[in-house]
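Below is one structure; the comments refer to it alone.
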Amino acid sequence: MPELVFFSGTMDCGKSTLALQITHNRSARGLQGVIFTRQDRAGEGKLSSRLGLVTDAVEVGDAMDLYAYLVGELSRGGRADYVIVDEAQFLAPEQIDQLARIVDDLDMDVFAFGITTDFRTKLFPGSQRLIELADRIEQLQVEALCWCGARATHNARTVGGRMVVEGAQVVVGDVNRPAQEVGYEVLCRRHHRRRMTSASAHAAALSPDVLPVGRA
Ligand SMILES: [Zn+2]
């Protein structure tokens, strides 16, 4: 039976690499996939991993109907045996419903890769809908560690070097204002709650005015 599978994780979980591995393994078996992505680091319509592998992908727009897109491609004689979605957290909830319809009505596996929660520890709307609809959820093994050595399970956003927990869910950094540069770091939950990034922990360790952290 075809499945809608949500591969979920944090920012540094290596999900794009896994997406490319699935593509590679299936093409070796003669299968052809359609890859959807949204705001990938390689630019529009690309799927990239930190290993530097890049493959062509279909950039998903706000109002795009993914089910209708596939039906259109197939009716024009195009071929699609399965679907991969990268950065699935950025999809609208309705687009996740369209993915479920692709599985049920077109009999295709859909593998969606996404970050579960944002820098405020809240679910992304696309990820929430995936958790609600997926046949299976695979928690990707976390590669990254917090600066303390614990598993990094939460995404932190820094603005001008300071961790923030308020703001828009998606922001693009402003290169013209380096003092307000937006950065991301993965932390364990404890240090996300305490808003301690590696930089602030380092600064605290160097400051004689700061009392040692208690047992809390
Ligand atoms: Zn930590």
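Quick reminder: no glycine exception, Cβ is built from N, Cα and C everywhere.
Some features that TrEMBL has for this protein:
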- G9, T10, M11, D12, C13, G14, K15, S16, D86, E87, A88, Q89: ATP binding site (BINDING)
- E87: active site, proton acceptor (ACT_SITE)
- V170, V171, V172, G173, Y184: substrate binding site (BINDING)
Integer Å distance between the CA atoms belonging to the residue listed as 'active site, proton acceptor' and K15 (ATP binding site): 9
Top Cα neighbour of Y184 (substrate binding site) in the set of recorded positions G9, M11, D86, E87: M11
Which same-chain residues, if any, lie at least 6 apart from V171 (substrate binding site) yet have Cβ under 8 Å of it: R157, V182
Neighbour-count leader, CB within 10 A, binding-site residues: M11, A88, V170: A88
Integer Cα-Cα distance in angstrom, V170 (substrate binding site) to M11 (ATP binding site): 13
Recorded positions: E87, Y184 - member with fewest neighbouring CB atoms within 10 Å: Y184
Nearest-integer angstrom distance between the alpha carbons (Cα) of G9 (ATP binding site) and E87 (active site, proton acceptor): 11
